[in-house]
């Protein structure tokens, strides 16, 4: 089975083209593939298929709202093998792969996901690099919109706002947090949060207050741990930072350890613009891949 390896601001993925959705994935196979010692290593896996093929193969029970059979479908799995609704960095890499491989000839097209359709605009593309904007849909503040939820990260307690970006986020902006303190946080330590409020877990962003139109953040993704970037997390961070200033709309640059992205929040949707890099192409050893399925 052929693969590509790519990243969006160092949030890295294994891309598996499987247009007819013929390959059966187990959580153990995905986890092994993403393991940085046992497999190729990645924050997640992007299966490239169509929505219609995914339904026919049983990957989807039904088409997500707004997604048609002919749309491309990003079947995204976290590094632990669990299924995820959406990944903003993953969509950019997914779109880059489609254009660079010749599977898609248009610069503007729809990528389906469990969170619904995502319109992408590929501003530049070559075999190595791409610049992609993703319409991420409306990001919704949950609850009162104020910092109503608490979490302990790296031994430090933060208050945050819950944001739905097609997947759940807890964005914690601390006006007193310095860049040095942000860098020193141990995001590998156990995270303590209210499991009643977030029974399925939540992605957690810790961010500074905006300065000159920029916020800086780190992220702990559910099912993965700390990653160098999280696309939906940068959207959630922008929503939280704007809300702290009493604004519902605006544009911010969000700096993560893996680089910068630009987030625009409007009354009706949100946009994520950033880079994608395809670093490798290869072929998985069938004997290894299918031995993992047999061992489950």
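Each residue's number is its place along the chain shown, starting with 1.
Keep in mind that glycine also has a Cβ here, set from the backbone N, Cα and C atoms.
Quick look at what Swiss-Prot lists:
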- 87: active site, proton donor (ACT_SITE)
- 230: active site, proton acceptor (ACT_SITE)
- 11, 78, 88, 89, 167, 203, 221, 222, 231, 232: substrate binding site (BINDING)
Legend entry - Additional residues around substrate, ordered along the sequence, whose Cβ is within 8 Å of the centroid of 11, 78, 88, 89, 167, 203, 221, 222, 231, 232: 84, 86, 87, 90, 219, 224, 227, 230, 233
Inset, instruction - For the substrate site as recorded (11, 78, 88, 89, 167, 203, 221, 222, 231, 232), determine the largest distance between any two Cα atoms, in Å, rounded to the nearest integer. - result: 17
Inset, instruction - Find, for the listed binding-site residues 11, 167, the residue with the lowest Cβ contact count at a 10 Å cut-off, counting only other Cβ atoms. - result: 167
Inset, instruction - For residue 221 (substrate binding site) and the residue listed as 'active site, proton acceptor', determine the Cα separation and express it in whole Å. - result: 8
Inset, instruction - Fill in the CA-CA distance, residue 11 (substrate binding site) to the residue listed as 'active site, proton acceptor', as an integer in Å. - result: 7
Legend entry - For residue 230 (active site, proton acceptor), the three-state class that DSSP assigns: coil
Inset, instruction - Could you find out if DSSP has residue 88 (substrate binding site) as helix, strand or coil? - result: helix
Inset, instruction - For residue 11 (substrate binding site), just give me the three-state DSSP call. - result: strand
Legend entry - Entry from the active-site residues list 87, 230 having the most other CB atoms no farther than 10 A: 230
Legend entry - CB contacts for residue 88 (substrate binding site) [other CB atoms within 10 A, all chains]: 28
Inset, instruction - Taking only the Cα atoms, work out how far residue 87 (active site, proton donor) lies from residue 167 (substrate binding site), in Å, as a whole number. - result: 9
Inset, instruction - Taking the Cβ of residue 231 (substrate binding site) as the centre, count every other Cβ atom within 10 Å, in any protein chain shown. - result: 28
Inset, instruction - Could you round the CA separation between residue 167 (substrate binding site) and residue 230 (active site, proton acceptor) to a whole angstrom and send it over? - result: 12
